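These notes are about the structure you will find just below.
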Amino acid sequence: MQSAINLNIGGLLQNTGLLRNSRNGINRKPLDIEATAASLSRVYHQVWRQFSSDTSSPVTINQMNNILRDSTLSRRIARKSEISLNYDDAVVRIIPASSSFYIQRRGFRTRKQTFGVGNAGKPTQDEVKSPLTYFSELLAGKKQKTSEGGVEKWNQYESDLKKLPENQQRTYTDGFVKGLLSNGVSGAGKDGKKSNTLTRFYIFLVFCIFFGYLTGRIRVRVGDRQIGSLFFSNPQEVNPEDVQVTFDDVRGMDEAKLEVEEIVDYLKDPEKYSRLGGRLPKGVLLVGPPGTGKTLLARAIAGEAQVPFFHTAGSEFDEVLVGQGARRVRDLFDKAKARAPCIIFIDEIDSVGSKRVSNSIHPYANQTINQLLSEMDGFTRNEGIIVIAATNRVDDLDKALLRPGRFDVRVTVPKPDLAGRVDIFNFYLSKIVHSGGIDPKVLAKGSTGFTGADIENMVNQAALKAATDNAVEVTMAYLDEARDRVLMGPARTGGRIPDEEANRNTAYHEAGHTLVSLYTKDATPLHKVTIIPRGQSLGHTAMLPEKDSYQLTKAQMLATLDVMMGGRVAEELIFGDDKVTTGAADDLSKATQLAVQMVKVFGMSDKVGLRDFTAQDNESALVKVSDLAPQTAELIDAEINRVLQESYKRAKVILETKKKEHQLLAEALLEYETLSADEVKRVISGQKIKRPTPAAVKKSNETKRNQPSLVLHLFEEEGRGKQ
C-alpha cells in the first residue's frame, strides 16, 4: 500500500515539479503566493494522510508548501493556468489560483462534459465527485497515463525495492519520492487547449506576414534598398548624382543622341518650350538590335537630366498572382507622380507591351498592358512624366502602345557605321594601355557589322589576354586575336583535335568554302580560315565585308548560298558520296533559311511571283492552319529546292575546275592550321608562307622551357670544379 501511495504522490505532483523548473516569475503579492500554496498543500496533504497506511507522510506539509509556492511563481500558473492530470477517460484540472478542481469525462461517441469543484464553478450535487473520493478511486485500481520512461523507472523502482531488506525499504522509498518531487516526472499533461490556440494564432500570424510580403503589401528595407515582396521586385529610383554616365560616354549614335538631348533640354528648361505652346512628349521608344547601346543611352539620360529617374524591366511586371502586374504598374506611376517631373525607363518593354490576345484559358492576361496604356495616356493625364522604353522586337508591340500620345518619339539605334566604329574604338582604347602602332581606323574597317558591345568586348578580351601573357601593353596582335574570338568564337586551347582523319576532312571542307568564296563574284570577302575547333564547329571560314551594307542584292544572296554549299561539295568530290560527314549540317540549315526567305519573302522567284507568304506562318498559334492551296505550297517547295540545287551545281563546277588549288589549300591548312586571306592567296598561287608552322613553334617553346635548367646544371658543374 505504501508503494502505491508513493507512486500516486509522484503522479499528482509531476506537473508541479516541471513547472517549478521554469522560473518565469512575475510581480505578485507574497500573501497571494503563500495563500495559494497553502491551499494546495493542505488538499494534497489531506489526501496522502487519508490513504496512507502509515500515519506519518513521506513528504511533510512544509516541503509541499515550498514546492507549490515555487510553482506559483511560474508565469503560466500566475496567468490562471492549470495542472492537468490524465486518468483513463477522465482529466483532473487543478487551478492553483482559485484552489479549484475540474473533472472532465468523455465517453465513447459522447460530447465532453465538464464538472467543477471549488470556487470557480457551481455544479449540481449529483454531478460532482469529491476530490478525495476521486483520488481514492484512482488509488484503488485506475492507472494514470504516463510516458514510457516513467513506467520503466517505476518498474526499476519496484525491482530494486524487493531486493532490499524491510528495514531499508522505507528509507529507499523516501529518497525516491523526494527525488521525484524535486526533479519532476516527464509525461505530465499540459495545457493542450491553450497551447493549440497559441499555435494556431502564431501560424495564422506567420501566414499573414508571408502573404503580405508575397504581394508587396509589407515591404522590407535592406540597407538603402526597399524590397517589396518575395517574387515582385520594385522599380528602383536612381539618384542622378550617382550616375557617372553622360552623353560624352555615348559613342557611335549621333542621331539618337540628338533626339534624346532635346528631351533632356526640355526637362531642364520647360518654359523655353511651353511659351511657344509645345508640350512635353509622353514617351520615347528606343528601337535597335541587341548591343547597340539603348540601355547605355538611358543611363546617359539619367546622368544628364538631373531629375528623378525610375528604372525597371518589362519582365518584372509578370506576376504570380492575378492582378499583381496591373498593381505594379499603378505603383510605379504613383511613385513617379510624387516626384514629377521625372523619367521612367522600362527595359525590354516587349515583355509587357506585346500584342493583346483573346485567351479563354487566361482571361486576365491583358490587364497589365491595359493598365500601362491607361497610365501613359488615359482619362487622367500624368503631366511631367516621360516614359523611355527600349526593345529590339518592335513588331511584337501593341499598336495602341505605339500611337502618338503614348510613345511620341521613336528613336532608332542602329549598328555603328565606319565613323561610329572609329569613335567607339578611340573611346575604349583610351581606357587601356596599348602600343602606339594601333590605328583605330584599321580596326574599324576590319570590324564591319560589330555593335558597340562587340567592340567593347573585343578591346577587353585583348587587354585580358595581354595581362595573362604578362605583356607590358596591348598590341595589334592581341586585338586581331580578340576580333577572331568575337567573329568565330573561342579557339580550342590545345590546337587541332588529335584525330588526324577528322582534321583531314575538316581541312578539305573548309578549303571548299574558301575557294568558292574566292572565285564567286559577289561573295563576301574572305577574312580567315582555320581547322582549329571554335565553339561547336571543328573548323571555321570567316567572312568580313569591306564596307557597311544596308541592303542585299539577289546576286549577293546567291553567292552566299554557293559558299555555304562549298563544304558539302568538297567532301563529296574528295571522299565520295558514302564518306560525307555531318559537318555540313549547319551550312545546310542556314542555306535553307536563306532560300526560303528569297522565295517566300523577297519575291525572287519568277514562278512564285511577287508575294509575301510569311503572313500564313503564325508561330504563336497552337494549331497552324495554312490558307495556301496545295498547288501553291508544292510550287513554293519546288522553287526552294531549285534554288538550292542550282547553288550546289555552281559550287561543284568551281571545285572541279580548281582541284589543284583545293589540294594545296587543304595541305596548307593541315600544316599551318590557320590562314589569313593573304596567305590563302599565296598558297593557291604556288607561293610559300613565310612563317613557322605551329608544330615548329611548339617545339621551339619546349626547347626554351628546358634551356634554363640546362644552363643552371652547367653552372653548378663549373662551380663544383673550381672548388
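Note: Cβ is positioned from N, Cα and C throughout, glycine not excepted.
Swiss-Prot annotations:
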TRANSMEM  198-220  transmembrane segment
BINDING   G288, P289, P290, G291, T292, G293, K294, T295  ATP binding site
BINDING   H509, H513, D587  Zn(2+) binding site
ACT_SITE  E510  active site
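Here the features listed in Swiss-Prot are painted onto the structure.
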residue: G288; record: ATP binding site; contacts (Cβ under 8 Å, 6+ apart): K294, N392, T412, V413, P414, K415
residue: P289; record: ATP binding site; contacts (Cβ under 8 Å, 6+ apart): N392, P414, K415, T451
residue: P290; record: ATP binding site; contacts (Cβ under 8 Å, 6+ apart): N392, T451, A453
residue: G291; record: ATP binding site; contacts (Cβ under 8 Å, 6+ apart): T451, G452, A453, D454
residue: T292; record: ATP binding site; contacts (Cβ under 8 Å, 6+ apart): M253, V413, P414, K415, P416, T451, G452, A453
residue: G293; record: ATP binding site; contacts (Cβ under 8 Å, 6+ apart): V250, G252, M253, V413, T451, G452, A453
residue: H509; record: Zn(2+) binding site; contacts (Cβ under 8 Å, 6+ apart): G539, G567, A570, E571, T581, G583, A584
residue: E510; record: active site; contacts (Cβ under 8 Å, 6+ apart): V529, T530, I531, G539, H540, T541, G567, L669
residue: D587; record: Zn(2+) binding site; contacts (Cβ under 8 Å, 6+ apart): M564, M565, G567, R568
Alpha-carbon spacing, T295 (ATP binding site) to H513 (Zn(2+) binding site), which is rounded to whole Å
38
Smallest number of other CB atoms within 10 Å: among the binding-site residues K294, H513, that is K294
Listed in sequence order, residues not in G288, P289, P290, G291, T292, G293, K294, T295 with Cβ within 8 Å of the centre of the ATP site Cβ atoms
A390, N392, V413, T451, G452, A453
What is the set of residues, excluding H509, H513, D587, whose C-beta falls within 8 angstroms of the centroid of the C-beta atoms at the Zn(2+) site?
E510, G512, G539, T541, M564, G566, G567, R568, A570, G583, A584
Under a three-state reading of DSSP, tell me whether P290 (ATP binding site) is helix, strand or coil.
coil
Across every protein chain in view, the count of C-beta atoms other than its own within 10 A of the C-beta of T295 (ATP binding site) is 16
